[in-house]
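**Q** Not my notes, these are from Swiss-Prot:
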BINDING   Lys181, Asp183, Glu184  Mg(2+) binding site
MOD_RES   Lys181  N6-carboxylysine
Amino acid sequence: MSDRFEATYLIETPHDVASVAQELAGEQSTATSSRMPGETDALIRDFGARVEHIEALPPAEAPSLPVAHTLGQRVHRARLTLSWPLHNIGDSLPMLLTTLLGNQTGMRRLSGIRLERVAMPQSFIAAQPRPAFGIAGTRRLTGVQGRPLIGSIVKPNIGLAPEQTAAMARQLAEGGVDFIKDDELLANPPYSPVARRAALVLRALDEAAQRTGRRTMYAVNITDGLDEMRRHHDAVVQAGGTCIMVNLNSVGLSALLALRRHSQLPIHGHRAGWAMMTRCPALGMEFQPYQMLHRLAGVDHLHVSGLGGKFWEHADSVLQAAHECLTPLDTQAGAADDRALPVFSGGSTIFDVAPTYQGIGTADLIFASGGGIFGHPDGLAAGCASLRQAWEAAIAGQELRAYAQSRPELAAALARGKPVRKA
């Protein structure tokens, strides 16, 4: 596959699958609704998409989406693999995305199309910027080795003045948190501009570091227009920051690529809006292509949701997403480590630690918790300590309650019990 790239789709149609597959391949390469004079056999051979494989699946009971359909007609499902010559897109990530999920998603004869996996030639992968810091760089900047980074977020997530955000960040840092991030809804509002918030928070973290001996990493949300993001980034650097954050789906691949070229700091990628792209099983994409696109563009940390949290995604899907982040893209000998640090968040507590570790088998992650820290009966420091202790137990293979017998912070968190999830 050195000169071609492949994509695998789940498709659904009331029409002949083989015919629809050929139409889909044509739509995303050389074909129009009818063959044009310039569409020669040679052009199709050199630039056309190919149907590589069709796997028939059990039929659907009814079309998942509106489609030209005769009542009672069988609705076919299939797994379809297409390939394209790499010279169709060159080294362009935006054009890769256009090819993978373009006009074919609106084809009238499809009642469902979902991108499942993408395989790219190593030459394409090597041409992309990919993470500048990744796992090793983040650990170096935080000084955390051998365990996950314990993270949190300042609450309330919006509405605080920079001085209030800084005061809360200082409490978290003095309590032992390794990583603090802005909420995805807080970027550069008039009541808390990036430059002032970053300056005050980072000064507070420096003061906390004088007491703790460790400087907490703060991911400053700089989501904005590209020119503004560059200016925000520079303000964070000037203030002594060690991380920036962007809402990936809001800024797009091109802005992320440009920011990666400009940035001197790790890029923390928030996937706000991801559910819109994946929650419908007949549309959108799986996480494998999503994380590949953003890691190729240079993101260092990537959210994957959490186990037992407040969001819809089930545990197996969350763990698979983390595995994808931790799977190298460039597998050539001597290639730089392009893995991204998966970020578990969204209601994570001590009760999610052991299944998280058992599910991914590594401590290379950020484990972000709000209620698990703020809600501890003995305060922030005890909440942070209880999470570290839960991870110590998981890594050592010890049962949580047994490990808590000599650790009052963990014991108190256990006594509080699991949070009650709303139905």
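One-based numbering along the chain as shown.
The backbone N, Cα and C atoms fix where each Cβ goes, glycine too.
Set these features in their place in the structure for me.
**A** For Asp183 (Mg(2+) binding site), the Cβ neighbour count at a 10 Å cut-off comes to 17, with all displayed protein chains included. Asp183 (Mg(2+) binding site) falls outside any helix or strand according to DSSP and counts as coil.
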**Q** Just how many other Cβ atoms lie inside 10 Å of the Cβ on Lys181 (Mg(2+) binding site)?
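**A** Lys181 (Mg(2+) binding site): 25 neighbouring Cβ atoms within 10 Å.
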**Q** Long-range neighbours only, meaning 6 or more apart in sequence with Cβ under 8 Å: which ones does Glu184 (Mg(2+) binding site) have?
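**A** Listed in sequence order: Asn221, Thr223, Asn247, His270, Ala272.
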